[in-house]
Every structure is written in structure tokens, then in C-alpha cells.
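Structure first, commentary second.
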Amino acid sequence: MPPTPCSICQRERAMLRRPKTLQRLCRSCFYAVFETEVHQTIQRHGLFKRGDRVAIGASGGKDSTVLAYVLKLLNERYDYGLELFLLSVDEGITGYRDDSLETVKRNRDQYALPLKIISYEELYGWTMDRIVEAVGRKNNCTFCGVFRRQALDRGALLLGVDHIVTGHNADDVAETVLMNILRGDIARLQRCTEIMTAGDAEGAVRRSKPFKYAYEKEIVMYAYFKKLDYFSTECIYSPNAYRGYARAFLKDLEASRPSAILDIIHAGEALLIRADVKMPTQGQCERCGYVASNRLCKACVLLEGLNRGLPKLGISGRASVPDGPAVSAKQP
Ligand code: SF4
């Protein structure tokens, strides 16, 4: 049987089937369409402006590694005029994050990008290993997620950057849409589809997801064919069963109709917030000064619980705690 030609250039032999469209493509055309689509997303949504200092949230995993590679490439190819940095958070997870940070350090050298690593230990006086000892394996990701968000903002302030980009891909966004629908969380539903969130005066830095429309399978394919150096082990504390259900459901949908991922994102974008849904107003944490929708920011509430030996305090849904010894997210 003669080899199948690439459906774009018609010259080269097709080496892969593109997961998003099922087109048979040669490697060069796959690279070209993948990179061009990310460029178009950046342009269409006006993610950057010339002179921006941009931190790439780098975990060493496939998404952030491909993001660092592609963003550097597009910045040079289209002369965006960006100053790029790698910003990593060390959660203090022995046997996982220490290894993945070694990958980020190699990426720093491979892509010649400055790297800043910021740790939970230095910011909060706790590592995730110790938090898991205190809270068990059920709610650990709640602590980790809250602390990471703030740690990235604090790292960005230290670097003096205007913008953080993260490697969230289309599958991540579609999963989050599904989870918010399943939980009936209308307020989060629209926010989770936003490609960019604005920064503010209280320390939250502008964030965006240039891979919002990039399929996970294509990111893996791109990393594989380009032989990028990334870390593929799952976090040892990863339970997140609920997201697992949404992920499994999404993969089933994708198997029967590849456009399902984009369709779910578009459905999430189209669902308007009802006028009577109360959105939280943003203020400043009384303790650490970080952005907060209550008297204390969520990180300070969680820290208060940890430091008082009452780790459930912060995850019970209570946003404020009784006055006690001042325990705050340490300023770097
Ligand atoms: Fe943190 Fe949970 Fe992710 Fe592990 S799986 S890095 S504990 S959020």
C-alpha cells in the first residue's frame, strides 16, 4: 500500500493523525499548525503587549515545558517583544517535586531562560509533606492549590513581572467546566473559561492560558516528536477523585467525537452568569495584605488551622477564624 501523504502539504508522508481534527499530517505540518494555533490564540485575545515581562509557571511537566518552548519560539518568530522567565513553586513533596525541579533546571539551561523557584517552606513555614502528615490525604490538594496560587503571585512580584502564563490546556478547561456544572457552582463556571484574568493592586498578577484551546494529546505529541525534556510522574499525593471522574467522562466523549472538548469549552463560555448569582467582592487580607474576598485570605485561614493544630478549620468553609496569634503567609 502506498504511504498516505500529509493532508496539508501533500508532499511528505503522513506520520501521525491529529487528535483535534483527525487529519493525517507529516511532522512539519503538525508543528506548524500547533504553533500557529497558539499564536492565533495569543493574538486574538491580546494576551501580551510589547515589553511585557512574562513568567511561565513551570512545573517540569509536559504542559509547562511545551509552553516554555513554544512561547520562546513564537516570541522570536513573531517578535512579540516579551521578556520571559521560568517561575516554579516548590511545594516540598519529596520524591516528586524535587525530581521535577531538576527537569525545570535543565529547561532553564536548554531554553536560556532565567528561573526563580519559590517554596512553601520559605513562604508559609510548611512543606506539603508536613501538611499531609497533619491533614491526611483527603484535603491536601485544597491546601496545595490555595498556597500555589498565592506563591505564584508572590514569586511574580519578586521577579517584577506583569503577567503569569500557565500550561492549562483545553482538556483541563473542559474538565473544570464539567466539574463546576456537576457541583452547580455557577459563579466559578464562567470564570473557569476565561483565558485571562486581570491583575489588581492587591498583589494578584494578570494570568493567562495560551493553551486554552490546545488538546492535551497534541501537547504530548508535540513534546514527544520534538524530544522535549519533561517530567511525567504524577504527584504522590494526587487523589482528586472528583476531577478523575470528569476526566474519564471527557476522554470517553473525545473518543466518540474529538470536537467534544472544544464544544464543552464553548458551552461554558456561552453560559451567562445569572443576575442573582452573588459574585465575591475582592478586598485585602487583614493579615498579609494579599487579595481576599473575606477578612482573611484563604491561605491565612488555612495557615491558622495548621499552626493551631486544627487543620480542618480552614477547609470547613469558614472564611474567618477567631482572633488568635498572628499567623500570616510570610512575606518573601
Ligand atoms: Fe499539590 Fe495535590 Fe497537585 Fe500534589 S496533586 S501537587 S498535592 S495539588
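We count from 1, first residue shown onward.
Quick reminder: no glycine exception, Cβ is built from N, Cα and C everywhere.
Residues or ranges marked as domain 'tRNA(Ile)-lysidine/2-thiocytidine synthase N-terminal' in TrEMBL: 54-249.
For G57, A58, S59, D63, V89, G167, D172, the entry in TrEMBL reads ATP binding site. A 10 Å cutoff on Cβ-Cβ distances gives G57 (ATP binding site) a total of 22 other Cβ atoms nearby, all chains included.
What TrEMBL lists as domain 'Cytoplasmic tRNA 2-thiolation protein 1 C-terminal' is 283-313.
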*Which of the three DSSP-derived classes (helix, strand, coil) applies to A58 (ATP binding site)?*
coil
*asked:* Taking only same-chain residues 6+ apart in sequence, whose CB is under 8 Å from that of D63 (ATP binding site), what do you get?
replied: G167, H168, N169, F211, E216, I219
_Maximum Cα-Cα separation in Å among residues G57, A58, S59, D63, V89, G167, D172, which the record lists as binding ATP_ = 20
*Please classify the secondary structure at V89 (ATP binding site) using three-state DSSP.*
strand
*asked:* Please give me the CB contact count at 10 A for D172 (ATP binding site), counting all chains in the structure.
replied: 20
*Other Cβ atoms within 10 Å is the metric here; tell me which of the binding-site residues V89, G167 scores highest.*
V89
